[in-house]
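Comments concern the structure below.
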C-alpha cells in the first residue's frame, strides 16, 4: 500500500505491474531528454548574437524538427501497444472472481467453487482494530491464491464504479449492463489495498478493496471451510 510521502509507484506484486513500471521509466527518460535539449536550446538563445538579415527559410532544420518528434513518438508507441495487448490477454485462468459494484460496497462471487458469495464493506473508524488501516480495511477480504492466473469479471448494479489495485496494475471499470474482464498474476503473498477510482454518486467517500494473497494450499483450505 502507499504510505506517507511515498512519491514513487508502489512495489509491484504482478508481472503486469512490473511492465507498467518499466514503461513509465522508459517514457520518463524520453521526457527528461527532450526537456534538457529544449531547455539548453532556449538558454543558449539568450546569449548568442548571431543575426542574418537574408535568412528567409531553413528547410533542413524544419525537416529535422518534423521527423525527429515522429521518430521519438514511435519509441513510445510501440512499447505502449505491446503493453496494451499484454494487459488484455487472458491466459487459461485458474480462478474466476466476479465483482459487482454497489453504492458503496463491493459484492464478490467465486462461482467456480460452490458459488461462494459475500459483500465487502469498509470498516468504520469507530470499529477499526488497532492494527487496521483507516478508510482502507474491509470486513470481508478477497482471498486469492498466489502464483495462479486470476480472471476478474467486473460489473455494477447502479452507477459506474472502477475496481482498482495499484500494486497489481489492475483498473477495470464496472458499468451497469456491461461485463468487463481482465486478468492478473500475484507473484508474492501479502495484503494489497485498492479503492474505487470513480465518483460513484452523492456522499461517496471510499469503496476500499483488500486482496489477501495466500499460497494455493491455504486457498484450498479456505474454499473448503466455506
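Yeah, the Cβs are placed from backbone N, Cα and C, and that goes for glycine too.
For the domain 'Cytochrome oxidase subunit II transmembrane region profile' (1-91), residue counts in helix, strand and coil come to 61 helix, 0 strand, 30 coil, using DSSP. Residues annotated as domain 'Cytochrome oxidase subunit II transmembrane region profile' in TrEMBL: 1-91.
Look at TrEMBL and you will find 27-51 (among others) tagged as transmembrane segment. Long-range contacts of the transmembrane segment (27-51) within the same chain, counting only residues at least 6 positions beyond its ends with a Cβ under 8 Å from a Cβ of the stretch, are 72, 75-76.
Sequence-distant neighbours of the transmembrane segment (63-87) (same chain, 6+ residues past either end, Cβ-Cβ under 8 Å): 16, 19-20, 23, 26-27, 30, 34, 169, 182. The transmembrane segment annotation in TrEMBL covers 63-87 (among others).
Taken from TrEMBL, the feature domain 'Cytochrome oxidase subunit II copper A binding' applies to 92-225.
If you average pLDDT over the domain 'Cytochrome oxidase subunit II copper A binding' (92-225) in this model, you get 90.
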